[in-house]
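See structure below.
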Amino acid sequence: MSQQGYVATPPYSQSQPGIGLSPPHYGHYGDPSHAGSPPGMMKPAGPLGAAAPGGMLPQGPSPPGPHQFGQNGAHAQGHPPQRFPGPPPVNSAAPSYAPYSPSTQSSYPSPASTASVTQLASQLNAMHINSYGTGMAPPGQGPPGPPSAPLFQGLPRPPQPSIMQPGSQVLPPPPTALNGPGASPLPPSTHRQDGLPGPAPLNAQYQPPPLPGQTLGTGYSPQQAASYGPQMAGGQLSYPGGFPGGPAQMAGPPQLQKKLDPDSIPSPIQVIENDRATRGGQVYATNSRGQVPPLVTTDCVIQDQGNASPRYIRCTTYCFPCTSDMAKQAQIPLAAVIKPFATIPSNETPLYLVNHGENGPVRCNRCKAYMCPFMQFIEGGRRYQCGFCNCVNDVPPFYFQHLDHIGRRLDHYEKPELSLGSYEYVATLDYCRKNKPPNPPAFIFMIDVSYSNIKNGLVKLICEELKTVLEKLPKEEQEETSAIRVGFITYNKVLHFFNVKSNLAQPQMMVVTDVGEVFVPLLDGFLVNYQESQSVIHNLLDQIPEMFADSNENETVFAPVIQAGMEALKAADCPGKLFIFHSSLPTAEAPGKLKNRDDKKLINTDKEKILFQPQTNVYDALAKDCVAHGCCVTLFLFPSQYVDVASLGLVPQLTGGTLYKYNNFQMHMDSQQFLNDLRNDIEKKIGFDAIMRIRTSTGFRATDFFGGIFMNNTTDVEMAAIDCDKAVTVEFKHDDKLAEDSGALIQCAVLYTTIGGQRRLRIHNLSLNCSSQLADLYKSCETDALINFFAKSAFKAVLHQPLKVIREILVNQTAHMLACYRKNCASPSAASQLILPDSMKVLPVYMNCLLKNCVLLSRPEISTDERAYQRQLVMTMGVADSQLFFYPQLLPIHTLDVKSTALPTAIRCSESRLSEEGIFLLANGLNMFLWLGVSSPPELIQGIFNVPSFAHINTDMTTLPEVGNPYSQTLRMIMSIIQQKRPYSMKLTIVKQREQPEMVFRQFLVEDKGLYGGSSYVDFLCCVHKEICQLLN
């Protein structure tokens, strides 16, 4: 069946001579021999509706679903067919970059400045596509001018054919994917293949950009080409480092072309809004196999009816290909992003707890899968066939139940494990260490009391706050008080343990100076119940800042601190979590001592990967020990200079902990953000000493795992702890054929210890479809999950491979996925048309955002620690967090309806969408910016900041003043709604238009050219399209 996809018409249509493409890399970053292969392009992702024949208009209204393209200003009813005279002329002069002006002026939004696509096309020819290498001019240098000589020599470029043959007079009608639910029904006469003349459709919400020389339709508002930033000189696709390639790939003048209109290319905002319109606020029942859930950005109520909620598991596609050949052909990664402890909203049912007493869970004898809805009962209920390995098992006598007339057990709806996708079991002693019940976990607070932390007030702040947060230790729902015990250590270059036993009048300090062989100097009185020892603990917290007030010790240790915490938990025979508050490079003589190795000379070389690797293997070994003893490490870092996050962050990452980083911490500006993070971290839902196992039905298996995990073998995913924000991404590969009728089944089982000290099993089951039709695979993709997978696999690869190779592979795989769709699923159409599957409309924009992330950009301007930090955060992100991180939310605040509690509709992340009269809020999960246009309405400024004018606003504030008026209240409410679902507290930065700090804000306008390199979305889409044409030819 042919399938309809999004069709855009880029301004060039033929691939150029001299650019070959290497064989595809399938989902893995090995084999440096392909290092020079020109990559393909990327695509944006989002679970969208089904697609239909490329560019056909349906009769009648288009199907509902996330299809419609808005922000296109299109109201084209009744316009005459647009005509144009054949192919555009070849410009015989040297490539001058003067913008092309169409002969007929019109108010159609100009498809963007010609200059940059001309330039882009010529650059792409002159270089290996996307081998992001060395030697690129920084963006924005110099006026657009002739490119540097050596890049443009070689074969002359053929003239570009127009989108249609010269004989046809009319632009092809837009595909349905762009006429959303609101489109008016179209008469049958418009039901044409792309490229054939047909009447202009009514209410066309999208039209391909006209070619140069073509008469433009009227009725469109003009678009400023200039608002897309300065064009760059020379051969640059604005990835740092041009695409090195033989100089002889193209000569002759590039052709003048029109640039794509940003409004005519897929908009992430439109896709998000369409999904909200069709699926928001509804009940989503998980009762059928392989259904594609609403997007992560859509609020709905999820009802478990036999498959795990998408809050727990999201997949890159909900329909797996039947064979590995088909998987290799499409190159769509088959992966699941699993968040086993995801927070469930209060209007959804919490997980049921199943207790079979001493019998324990019922499991398949052969593959050990747990009883679940995929087991088929036979022989009157006496036996059951496992859905995973097909083994026939006897039903244990205690579990027997008769079957009804359709072969279902009579107690089907009474047993969560038979009717639900997710549930928990109480584990028996067989599932416990040493076959005895675990002790409740402990929290140990470890404070760096070196000179700088005492002087800047950080130690006092932590001690004061601990008094508050210790009141809020997590507890089992039915319990009065928390079972968690607490302990305290301070350190600089030696360690201080504190005895806070409840019967002491004063806390006692014991000093361990031998940091080479750390031991725990006391057992009794170190880990205590907070309620019982409250007065001694408060006494201690009051004393610590004074105790070290006169210390001049600035050197610190780090590895021995973790070692001490782990030994204390080991001695107490309990799992637990270390909260470490640290601020400097550990240079004191001790295991794990680090030196400053922040070497900018490594950037853009094959040795750059060293910057992401730990300096010493001490931390790797330490992490392994921590995981073995159920010791999770969460690190709060307060660096004022390089601290080697790649080394210090390793233990938190491998033990399922969290890394928080506050650069140049200043009490008055940053304390609120830190305190919010600390409170959240202590209170969040968490499981300790966890092992996760992924089981699959026959035909495929889990092969790769990404996340805050440790693996001793190929199947057991070990986590010292896992909390509600941590996700593990799992990749699957075929080991045989899959059958369409039985589908593909996944069971995720997590064995863990609760905060109350109970051993439990948490089970999540999901059934996917299988198909031998590629179209079904593309129809069921989820772009947000794809980007999560690509980000993690790329960020894992930076440890071993040159960044240039990784970027190439990403681009390459994007192009392959889209070329395969174009070749096998879309209706035939002109080569000049870019056709995207409906579910991947926004894959290119999201992929471009990933490529522009500082981890993958080799630039000296970005601190090494920041790159290592962001790499680590992304490795444990769930789909909702990675979606916001790579494509921030940008809200117009000046259009607020103060009577409504709904968030204003977001706008696209591009400078062209901002206005001088506007106020905009941007959030990406780590940062929040309030951008103020120079002509912001005074009444809004008065309302939000309580000052008379723009000039009076103090940009140093990090929280908005509480002004008692509707504007202020609504804005602060919106900020708290955005914040409440996110794992990190976002620090607010106030940015005034045209002032220096605006540069930082601009990095987040991800559809524009990157500040430190990186294409604009429009340029990237052109580049991807070029790659696809290469592949298809």
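Each residue's number is its place along the chain shown, starting with 1.
Including glycine, each Cβ sits where the backbone N, Cα and C put it.
Unlike curated records, TrEMBL annotations are generated automatically.
Given the structure is predicted, the values throughout are model-derived calculations rather than measurements.
TrEMBL assigns the feature region 'Disordered' to one of the listed ranges (241-260, 261-280, 401-420), namely 241-260. Contact between the domain 'Gelsolin-like' (902-975) and the domain 'Zinc finger Sec23/Sec24-type' (361-399) is not supported, since fewer than 3 Cβ pairs fall under 8 Å when only residues 6 or more apart in sequence are counted. Distant neighbours of the domain 'Zinc finger Sec23/Sec24-type' (361-399): 306-307, 354, 407-409, 417-421, 425, 427, 695-698, 742, 745, 747, 749, 761, 763, 765, 767; these residues of the same chain sit at least 6 beyond its ends, with a Cβ under 8 Å from one of its Cβ atoms. Counting residue by residue with DSSP, the domain 'Zinc finger Sec23/Sec24-type' (361-399) contains 6 helix, 11 strand, 22 coil. The average per-residue pLDDT of the prediction over the domain 'Sec23/Sec24 helical' (783-882) is 95, rounded to a whole number.
For the domain 'Sec23/Sec24 beta-sandwich' (687-771), the DSSP-based tally of helix, strand and coil residues reads 0 helix, 55 strand, 30 coil.
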